[in-house]
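Colleague: So that we are looking at the same thing, I have put the structure below in structure tokens.
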Amino acid sequence: MGQGVSSGQDKKKKKGSNQKPKYEPPVQSKFGRKKRKGGPATAEKLPNIYPSTRCKLKLLRMERIKDHLLLEEEFVSNSEILKPFEKKQEEEKKQLEEIRGNPLSIGTLEEIIDDDHAIVTSPTMPDYYVSILSFVDKELLEPGCSVLLHHKTMSIVGVLQDDADPMVSVMKMDKSPTESYSDIGGLESQIQEIKESVELPLTHPELYEEMGIKPPKGVILYGAPGTGKTLLAKAVANQTSATFLRIVGSELIQKYLGDGPRLCRQIFKVAGENAPSIVFIDEIDAIGTKRYDSNSGGEREIQRTMLELLNQLDGFDDRGDVKVIMATNKIETLDPALIRPGRIDRKILFENPDLSTKKKILGIHTSKMNLSEDVNLETLVTTKDDLSGADIQAMCTEAGLLALRERRMQVTAEDFKQAKERVMKNKVEENLEGLYL
């Protein structure tokens with residue numbers, strides 16, 4: 001029986017030894033493995049195909065490259081061809097400068113005789129019969145233009161295309177003044193008249209066409225000194241977008257014969273080129289006084305300047321959108337031909353301000369001042385005070401200076417009182433001086 005048990009155990013061992021071991025997958029290594037960049041959709045994409053054989057796409061590409069290479073070759077060849085011409089052109093320019101010489105004189109072309117000769121003049125020399133060199137552009141030559149003259153032979157060697165006088169360029173205001181209608185105390189009727197005469201024709205000319213009337217050509221502002229004539233002109237320049245030329249009458253009086261009328265012509269020429277424009281002539285009585293027989297050359301030159309101004313105001317040439325504003329203190333001394341209707345259609349009078357206007361002017365000038373509590377603006381001006389707008393401004397300035405003298409940052413009523421006494425004293429002295437003139 002013992003043998004039977006042992007034999008049964010041996011059979012079990014043999015059966016166990018004949019069974020195969022269970023498969024176990026190897027451990028995955030963490031090193032040397034590349035991550036897949038795409039998921040399962042990568043296998044569905046079409047591969048990139050590059051034409052490496054003769055096909056239509058490659059042929060088109062090569063033709064485009066050929067076109068670019070041919071264009072580059074043509075550009076290089078043209079550059080090589082143009083080099084001698086550029087060099088020759090520089091040499092010709094040097095020869096031209098040598099022929100012209102240096103320095104050059106400036107003259108005025110009076111008359112063209114023929115294609116090769118002309119008559120020129122200048123304020124510092126007599127008239128000359130000169131030749132016109134062949135390289136001068138004869139299409140630019142016209143009577144009255146400025147030409148360049150050789151300093152020895154006086155031949156015409158060039159034309160000044162921009163023949164505007166530098167003084168005219170200075171007269172043109174690039175920046176509009178800061179004054180506006182709100183800075184003017186009173187003068188409601190004067191502001192309304194100048195708007196109707198100057199502003200409205202430039203901004204809405206169709207209104208005058210519908211009415212069947214021609215807008216005024218110009219206005220003259222006259223009245224006592226310091227009543228706001230120039231201030232109103234500055235406000236007009238601020239309100240409108242038109243070109244504004246400011247001239248003082250004395251600037252039209254020049255030293256040499258003919259310079260005054262020429263400057264007057266150039267002023268209106270520049271105004272016409274930059275239309276719409278406004279020409280403001282301050283102190284017009286400097287050249288616009290009544291004419292009389294005089295043996296003085298200076299007086300006759302002033303009269304010629306005024307005649308040129310009359311021609312520009314009401315000549316054969318239409319001035320278009322060019323308006324004229326004049327200002328003077330003595331309208332009675334002006335020539336009647338200057339201020340007649342047709343040249344100056346409106347005469348606007350500026351009188352000394354009344355009591356309410358004086359208070360408005362005082363309020364404008366004291367609006368930015370640091371006043372003390374004892375200042376009463378209502379009592380500073382009265383009806384009896386013969387004060388103009390400029391006098392009130394001078395009074396406010398003087399009061400501020402008195403406060404600064406005493407190291408104070410506030411202006412008191414006593415400062416205004418002393419300032420008013422000083423201004424009134426100066427006015428009395430000016431009136432007394434006028435009695436002996």
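Note: Cβ is positioned from N, Cα and C throughout, glycine not excepted.
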Colleague: From the set K195, K229, K290, which residue is assigned the annotation ubiquitin cross-link by Swiss-Prot?
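Modeller: Per Swiss-Prot, the residue annotated as ubiquitin cross-link is K290.
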Colleague: According to Swiss-Prot, one residue in K152, K234 is annotated as ubiquitin cross-link; name it.
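Modeller: Residue annotated ubiquitin cross-link in Swiss-Prot: K234.
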Colleague: Look up K255, K359, K427 in Swiss-Prot and give me whichever carries the note ubiquitin cross-link.
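Modeller: Record lookup in Swiss-Prot returns ubiquitin cross-link for K255.
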Colleague: Near the ATP site, what residues other than G223, A224, P225, G226, T227, G228, K229, T230 in the same chain have a C-beta no further than 8 Å from the centroid of the listed C-beta atoms?
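Modeller: These residues sit around the ATP site: L221, N329, F350, S388, G389, A390.
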Colleague: Considering Cα atoms only, can you say which of K234, K255, K290 is the nearest neighbour of A224 (ATP binding site) among these recorded sites?
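Modeller: Its closest listed neighbour, by Cα, is K234.
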Colleague: So for A224 (ATP binding site), how many other CB atoms are inside 10 Å of its CB?
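Modeller: A224 (ATP binding site) is surrounded by 14 other Cβ atoms within 10 Å.
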Colleague: Of all the binding-site residues here, T227, T230, which one's CB has the most other CB atoms within 10 A?
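Modeller: Of the binding-site residues T227, T230, the most buried by Cβ count within 10 Å is T227.
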Colleague: Under 8 Å between C-beta atoms and at least six apart in sequence, can you list the same-chain neighbours of K290 (ubiquitin cross-link), or say none if there are none?
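Modeller: Sequence-distant Cβ neighbours: T333, L334, D335, P336.
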Colleague: Which of P225, G226, G228 (the binding-site residues) has the most other Cβ atoms within 10 Å?
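Modeller: When each Cβ's neighbours within 10 Å are tallied, G228 tops the list.
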Colleague: Round to a whole number and give the Cα-to-Cα distance in Å for the pair G223 (ATP binding site) and K255 (ubiquitin cross-link).
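Modeller: Taking the Cα atoms only, G223 (ATP binding site) lies 30 Å from K255 (ubiquitin cross-link).
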